[in-house]
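Annotated in TrEMBL:
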type	residues	note
TRANSMEM	12-32	transmembrane segment
TRANSMEM	44-63	transmembrane segment
TRANSMEM	83-102	transmembrane segment
TRANSMEM	123-141	transmembrane segment
TRANSMEM	161-183	transmembrane segment
TRANSMEM	195-216	transmembrane segment
TRANSMEM	228-247	transmembrane segment
Amino acid sequence: MTYPVDKREVTVVGINAAIMFISFLVVVYVNVNRSYIPLKCKNIPLINALYTTMFLWFIGDIYTYQPTLVHASRPICIATMSWLRMSLGVYSVISCHLLRIYQYQCIFEWRIRANGKHLWIPAALWTILPLTYGILASVLPEDKGNSYVADPPMCIAEKPVYFVAVAFTVVLMILWVYATVLMRRVNVCFNEYRELLVVIITTILVVLTQVVLRWIPAIGDSGFAYNTMASMSDVLMGQISLFVLIYKPAYHSLTDKDEYLKYFLRTLKRENRQTEYELANGEEMARISSSFAGRKSYSGLGHSGSRMHRRDQSNIRVDDGSMTGSTKSLTKVLYAGHHVHSDIDSDSAFRGEFQLEGPDRMLV
């Protein structure tokens with residue numbers, strides 16, 4: 001029997017696809033502007049990996065929650081529900097956040113760069129659980145794993161594989177919470193620890209809501225209503241995971257690129273964290289920090305404007321022959337002969353907007 005396409009499901013998928021496309025454009029923008037230091041410090045390869053896992057999760061959700069839009073069979077149900085949605089989607093999104101926290105630990109605690117064996121060994125270890133679930137779901141019999149129902153046609157997760165998926169999610173969430181708690185002791189620079197808390201708290205709340213509502217008969221058996229809530233909340237979790245990490249440098253690269261760069265480098269100098277960020281972000285960061293090192297601290301902004309302006313100009317040491325074009329342009333941004341009052345106003349504005357409190361944090 002052929003079932004007609006549910007136009008309501010078309011609307012839901014259209015909304016989710018539009019949201020995913022917007023975030024795709026943002027990721028493209030971040031990659032195009034990857035040389036902008038505040039964006040580069042967000043670890044753009046990991047941002048790309050995060051978006052890829054979000055997209056696979058989104059595709060798996062279509063087969064799980066919008067069954068009238070796709071043609072399925074039991075192998076397709078296993079591939080989409082167990083592999084795309086859970087192993088390569090949900091579990092891999094959490095693994096991306098765990099890998100980010102691990103990189104903080106490498107750079108700011110152990111003073112090593114997370115590459116080579118320090119990157120691939122932990123990354124391989126964190127793939128064990130997603131792969132284990134995918135393989136397990138693939139070999140379970142139909143009455144215990146994923147099954148395909150022909151009337152109405154849809155993919156269904158039987159209770160055994162469903163509870164295994166929940167258990168694996170709980171294990172990863174516990175590891176994520178523990179790693180986030182440890183992050184409080186890692187003294188980085190830009191107070192993004194609270195942003196990481198926003199991501200994990202939102203994820204926990206959405207997962208709990210989905211699990212609880214799944215077992216309330218009036219809601220879990222409601223079909224379209226529950227499926228819509230689940231698929232749209234999944235997309236919401238992914239968007240929060242992405243935008244909370246990159247919104248600040250991406251926004252300022254559009255609105256006040258030069259001023260935010262100056263604020264960013266002043267903060268690194270004030271917090272004495274140039275070495276760690278050079279370790280994390282490579283040679284160009286080292287050159288820029290070196291050029292910036294001769295500049296006087298901005299803690300004495302209350303001094304005479306003309307005296308400070310003359311002192312800053314006398315302390316500038318720039319060797320044009322030793323710098324690349326990108327470094328020259330950034331150095332020009334930092335040391336251009338602006339009026340001192342504009343420097344004071346912009347620095348004060350950024351201090352007001354990005355108040356540093358307690359053990360400041362930045363996602364590298």
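Each residue, glycine too, has its Cβ placed from N, Cα and C.
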Establish whether the number of Cβ pairs under 8 Å between the transmembrane segment (161-183) and the transmembrane segment (44-63) reaches at least three, counting only pairs separated by 6 or more residues.
no
For the transmembrane segment (228-247) and the transmembrane segment (123-141), decide whether they are in contact, meaning at least 3 CB pairs lie under 8 A, counting pairs 6 or more apart in sequence.
no
Can you find at least 3 Cβ pairs under 8 Å between the transmembrane segment (44-63) and the transmembrane segment (12-32), where each pair is 6 or more residues apart in sequence?
yes
Checking distant contacts: for the transmembrane segment (12-32), what same-chain residues at least six beyond its ends satisfy Cβ-Cβ under 8 A?
39, 42, 44, 47-48, 51, 54-55, 58, 61-62, 65-66, 69, 227-228, 231-232, 235, 238-239, 242-243, 246, 250
